[in-house]
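Student: Below is one structure. I have some questions about it.
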Amino acid sequence: MPTIQQLVRKGRKDKATKTKTPALKGSPQRRGVCTRVYTTTPRKPNSALRKVARVKLSSQMEVTAYIPGVGHNLQEHSIVLVRGGRVADLPGVRYKIVRGALDTQGVRGRQQARSRYGAKKEKK
């Protein structure tokens, strides 16, 4: 434990907090270009084919981003908007693609939680 005199001289150092989304460089979202669109399998208790894309961001970093929702229209060279948010059962996936923004279409026929998936209200 420091003495009062040592605290007067040096003071306390703040602990630097580590960011969970370093590739966004402090921005809420970043634009990027898909370099590869593929499926991958989740960690142990779960079983599925999760849709993910490798994206080269405008911050010059390449990240793996999850494509949420049922079905998608993404392919190589698609321009996408990437936000933070990890997928718990996919190791190394710390970003999600925003549906309904740029080249990504919203989920067709979605009636609940539409704004999360960029789905327009269906006509009656």
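Glycine is no exception: its Cβ is also placed from the backbone N, Cα and C atoms.
Keep in mind it's a predicted model, so treat the numbers as computed, not measured.
Feature annotation from Swiss-Prot assigns compositional bias 'Basic residues' to 111-124. Annotation source Swiss-Prot lists 3-methylthioaspartic acid at ASP89, citing similarity to another entry. Look at Swiss-Prot and you will find 1-32, 105-124 tagged as region 'Disordered'.
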Student: Within the compositional bias 'Basic residues' (111-124), how many residues are helix, strand or coil going by DSSP?
Tutor: 4 helix, 0 strand, 10 coil
Student: Just give the helix, strand and coil counts over the region 'Disordered' (1-32), going by DSSP.
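Tutor: For that range the per-state counts are 10 helix, 4 strand, 18 coil.
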Student: Including all protein chains displayed, how many Cβ atoms other than that of ASP89 (3-methylthioaspartic acid) lie within 10 Å of its Cβ?
Tutor: 15
